[in-house]
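Enquirer: First, the structure itself, so that you have it in front of you.
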Amino acid sequence: MAWRDRRGALRAILTGSACVRPASVYDAISIRIADDLGFPFGMFGGSVASLAILGDPDIALITLTELAEQVRRMSRAAALPVVVDADHGYGNALNVRRTVEELEAAGAAGLTIEDTLLPQAYGEAKPQLVSREEGLGKIKAALDARRDPNLVIIGRTGACSITSLDDAIERALAYQAAGVDALFFTGVKTRAQLEAISAATTLPIALGSPPAELGDFDHLAERRVRIAVQGHAPIAAATEAVFKTLSAIKDGAAPKALTGLASAELMDKVTRADVVAERGEHFLGVKR
């Protein structure tokens, strides 16, 4: 699927009437699994990127180049649209422009730019936000850098849990007026907060890890929520599986005694072994 088609598929979700849950993806294998299972799109979170690329916690240590390369690998591996958490855009508004250019070229279907002050400021234990003016400048720079008009740009704010609901709405309205395609809110905890956000804005809404009170997807859809990110369990599950397998091997378990391993059939499927074999036969004269 061409980049434009993937971006069009994501736009169709935003303009639709349902609230969907994306797959948390972080590498070529995970995005292929998500694609095979029929997820509508993948979400490449910033915390997951830090884990998959560096093995570090989510403290803004990865570089734009590292992020874009991982997106490029995933975009090559599967046709599933990917929304990339581009964090703060890796610097000021001019850095945001470069971020959009690189992620668009890497095949991202969409990306989010947030207003969190990153990296963490000296002496500040709690998350901080950039000013409304700086946040808006970043959004405008992101929109100006977009070459393919189908690339989805989502303005994200963490104000609900850092400053106030009113601040979150004011920031979102500024991003909406600037021309973003959707609004992403983190820290929304109650139906009342969502009602206020939905009433004040007109764009499609995305929520980050909504709590149980916001677990009814029909209710979310009626409030214009089109994306509900359900955390990033897959990489945690993969980490646990590797830990258990290596622990068993260290303790002397024989290969055939190991449990919880992917079958040969599943490995062939996620590595597209049949496609590779067909190409080998066609281009190398290697009989299957």
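A Cβ is built for glycine as well, from the same backbone N, Cα and C atoms used for every other residue.
Below are the features listed in Swiss-Prot for this protein:
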type    : residues              : note
BINDING : Ser47, Arg156, His232 : substrate binding site
BINDING : Asp85                 : Mg(2+) binding site
Enquirer: So around the substrate site, Ser47, Arg156, His232 aside, which residues have their CB within 8 A of the centroid of those CB atoms?
Expert: Met43, Gly45, Gly46, Val48, Asp58, Asp85, Gly208, Val229
Enquirer: What whole-number value in Å do you get for the largest C-alpha pair distance within Ser47, Arg156, His232, the residues recorded as binding substrate?
Expert: 18
Enquirer: Quick check on the binding-site residues: of Arg156, His232, whose CB has the lowest count of neighbouring CB atoms inside 10 Å?
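Expert: Among the binding-site residues Arg156, His232, the sparsest Cβ neighbourhood within 10 Å belongs to His232.
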Enquirer: According to DSSP, collapsed to three classes, what secondary structure does Arg156 (substrate binding site) have?
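Expert: Arg156 (substrate binding site) sits in a strand per DSSP.
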Enquirer: How far is it from Arg156 (substrate binding site) to Asp85 (Mg(2+) binding site), counting Cα to Cα, in Å?
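Expert: Cα-Cα, rounded: 10 Å.
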Enquirer: At the Cα level, what's the spacing in Å between Ser47 (substrate binding site) and Asp85 (Mg(2+) binding site), rounded?
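Expert: So the Cα of Asp85 (Mg(2+) binding site) lies 9 Å away from that of Ser47 (substrate binding site).
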Enquirer: Take the Cβ of Ser47 (substrate binding site) and count every other Cβ within 10 Å, whichever protein chain it belongs to.
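Expert: Step by step: centre on the Cβ of Ser47 (substrate binding site), count other Cβ atoms within 10 Å, giving 18.
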Enquirer: Inside 10 Å of the Cβ of Asp85 (Mg(2+) binding site), count up the other Cβ atoms and send me the figure.
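Expert: Other Cβ atoms within 10 Å of Asp85 (Mg(2+) binding site): 22.
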